[in-house]
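Down below is the structure, laid out as structure tokens.
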Amino acid sequence: MLSTFVQGFFLSAAMILPLGPQNAFVMQQGSRRQFHLMSATLCAISDGFLIGVGVFGGSALLSQSTLLLQFVTWGGVAFLFWYGWGALRVVLFANVELAQVNNSVKNRWRVVAIIFAVTWLNPHVYLDTIVVLGSIGGQLSSDLRPWFTFGAASASVSWFFSLSLLAAWFSPVLSKPLSQRIINGFICIIMWYIAWQLAKQGLLISD
């Protein structure tokens, strides 16, 4: 059981560690100390739920549904381009945009909406949690699947809270206007690069 837990933990960690929309948003909220723990919690809960769905039968369904993959992929492309544009505006028009961003992210429900968007409109999340982890965990016996799921979900919890708290710890430096411009420039590049990759994948799916 312990070995299955450890297997789930490290496989999940390998999926989560590469910087993507979820990690970028949690880091950004941590640098501003605005709902950063809530952001980490919701990301971890979402990942845990999707991992469970994949391990207990959802992997085959998503793999076979071309229409669902198309919907998630192009929805993700549109959102990532929009989010990247918002980050670029902070870089180009720092004073005005930072003031607007600071006001908008103080709205709890707006933050919740963005968290769900970077999670549920990100096809990589589905591929990592449901398809990859789900297919591996789904091959285990019924008594070991909960341990694999618990281990994988624990990695998600550990990572998102560590990232959030670390960013909050360095908030005095990261919250400065120059730092925010650098962070947002980095986020813009990440979002648009992922959107470009997803668009290429979407065209392949349509074929």
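Backbone N, Cα and C atoms are what each Cβ position is placed from, and that goes for glycine too.
Pulled from Swiss-Prot, these are the features on record:
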TRANSMEM  1-21  transmembrane segment
TRANSMEM  42-62  transmembrane segment
TRANSMEM  67-87  transmembrane segment
TRANSMEM  111-131  transmembrane segment
TRANSMEM  150-170  transmembrane segment
TRANSMEM  185-205  transmembrane segment
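Between the transmembrane segment (150-170) and the transmembrane segment (1-21), the number of CB pairs under 8 angstroms, six or more residues apart, is three or more, so the stretches are in contact.
The listed stretches are 1-21, 67-87, 111-131; of these, 67-87 has the most Cβ pairs under 8 Å to the transmembrane segment (185-205).
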